[in-house]
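*Asks:* TrEMBL feature annotations, pasted as is:
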DOMAIN    6-242  domain 'DUF7702'
TRANSMEM  6-27  transmembrane segment
TRANSMEM  39-61  transmembrane segment
TRANSMEM  67-89  transmembrane segment
TRANSMEM  110-129  transmembrane segment
TRANSMEM  149-166  transmembrane segment
TRANSMEM  178-196  transmembrane segment
TRANSMEM  216-237  transmembrane segment
Amino acid sequence: MGISFNTIISIVELAVYIPAIVLSFLACKKHGFSRSSGWYFTLTLSLFRIVGSGCQLATLANNSTGLIIAATILDHIGLTPLLMATLGMMSRQADFVNMSTGSVKISIRLFRLVQLVMLVASICVIIGIESTSQDSLTSVSPWTYAGAVAYIAAYVAVVFIYAKMLPYSDALPQDEKILIPAIGVALPFVLVRLAYSVLSIFVHSGVFLRTNSGSTLVHVCMAVIEEFVVVVIYLGLAFRLHPLDQFEQGPIQQRPWKARQGRRARRRRGGYEYDNAHNLGPQQY
């Protein structure tokens, strides 16, 4: 049996994402492993793609439904770390804007809401694919449709946050201004990747059938390449930007709502830690 195009794609993805996961680890080591860091999610996406490609290659020896389902789930929920990575880059930008302007332009609550929508999208897609696996891999569950709608909503929110920060680009330090064009270039690629997932869910036939029966060329041009490009952009940022110290990190980057110890410490301090020039209290967020 000859090597299929899907097999070639899986091999290429392994060749790309194995170095990418190493670089993502180095980026996280430099900037921190906080989930508010976009590089945590380039690491996650790289892991998803390595495991997904491994499942795809494993079907050569054992063409089981379980392996196909695993590869399909990882293919769809890869949108979550892609969007989360983008949101992480913008959280760095938003904190600088909030601190530099002396007022809250982008609220923590908005970031939390978008993250929640992305999480809901992932859960819906996983439940949807699992629920249809008993009948047919070519059917689509209402859960999967709900996940696609949630992904669309999350992307719209990400674009809204980006657009809302554009007027305050001058508030960024000179070294951080590269975030604006970098995210601006990445967003259209994320949109194409999102469009592919949405079409593969709502159309789910012909070239948009993602169960090893659709168009490999469309998959490469609308999903694989887009993810490659976005990961390269964000990893490039990782080694271009300097790591932020505690006085440069605002509440969005610090994710204070995720740490009980952080909450207790803030109660003792009576607020967030900022330098004297950027003293914004927690009540403003």
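Placed from the backbone N, Cα and C atoms, the Cβ positions cover glycine too.
Bear in mind that TrEMBL entries carry predicted annotations, made automatically and left uncurated.
Please situate the listed features within the shown structure.
*Replies:* Long-range Cβ contacts of the transmembrane segment (39-61) within its own chain (Cβ-Cβ under 8 Å, at least 6 residues beyond either end) map to 6-7, 9-11, 13-14, 16-18, 20-21, 24-25, 27-28, 31, 33, 67-68, 70-71, 74-75, 77-78, 81-82, 84-85, 88, 212, 227, 231, 234-235, 238.
Under 8 Å from some Cβ of the transmembrane segment (67-89) lie the Cβ atoms of residues 35-42, 44-45, 48-49, 51-52, 55-56, 58-59, 111, 114-115, 118-119, 121-122, 125-126, 129-130, 133, 137, 144, 147, 151, 154-155, 158, 161, 179, 182-183, 186-187, 190, 193-194, 197, 201, 210-212, 223, 227, 230, 234, 237, all in the same chain and six or more residues away from its ends.
Taking Cβ pairs closer than 8 Å, the transmembrane segment (110-129) reaches residues 69, 72-73, 76-77, 79-80, 83-84, 87, 91, 94, 140-148, 150-151, 153-154, 157-158, 161, 252, 257 in its own chain, all 6 or more past its ends.
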*Asks:* What stretch in 149-166, 178-196, 216-237 has the biggest tally of Cβ pairs under 8 Å against the transmembrane segment (6-27)?
*Replies:* 216-237
